[in-house]
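Engineer: Before I ask anything, here is the structure I am working with.
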């Protein structure tokens, strides 16, 4: 069985180490802070053998160099080679990546950046989604277009509903405030926000989050819902998504 070690990193990132006890392999999922990853791996008695980057932003790939120099880890990264260096294998939608006997499917989730990918391990029921989707939110649309981003979110929506989404940031409390503004009549959302508030008061993480719950509460995954279309407009889901994203940007 795969082991996941999650820890806070930088100001609001989460670090993830994915470990296969049988093979001894350990993957660093993104690298906000290489030294912190090495410290956490040492404390667990693990050696980082691979780095799986989701996109090029420094708070996701900035620690690659430190980890590679310390461990010789192999870097697996999306097709953003002009913005990343030292990549051992470039992967894109439809490719697979192995850790021990487990296989991760690479999914195109571009929109936040044009090469953003996620890693879905169906046998383990988990997905590492970077900044594509958050609990009650999604990433800013820095490089992509609304249709592109909505198509990416639709691929996430199509995963098994029990999938646990490992998002890269603790943004949930702020996302919750906009979600309630966007979808105030959603009873499931109101109940979820109460849980989130209690967790954050106890300084507990709200990540991972289950896809099933996000499908019922996350406005960015529900841009095809008639209630949100009526409130936010749009003749197609990606247009409603664009309105929601702009609303969040200015909230």
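Glycine residues also receive a Cβ, built from the backbone N, Cα and C atoms like all the rest.
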Engineer: Hey, Swiss-Prot has Zn(2+) 1 bound by 55, 57, 112. Any idea which of 33, 88, 95, 131 it lists too?
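Structural biologist: Given 55, 57, 112 bind Zn(2+) 1 in Swiss-Prot, the matching entry from 33, 88, 95, 131 is 131.
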Engineer: Record says 59, 60, 131 bind Zn(2+) 2. Source is Swiss-Prot. Which of 50, 93, 120, 169 does it list for that same site?
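Structural biologist: Answer per Swiss-Prot: 169.
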Engineer: Could you check which of the binding-site residues 55, 57, 112, 131 is the closest Cα neighbour of residue 169 (Zn(2+) 2 binding site)?
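Structural biologist: Going through 55, 57, 112, 131 one by one, the closest to residue 169 (Zn(2+) 2 binding site) is 131.
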Engineer: Around residue 169 (Zn(2+) 2 binding site), how many other CB atoms lie within 10 A of its CB?
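Structural biologist: There are 22 of them.
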Engineer: Within 10 Å of its Cβ, which one of these binding-site residues (59, 131) has the largest number of other Cβ atoms?
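Structural biologist: Output for this query is 131.
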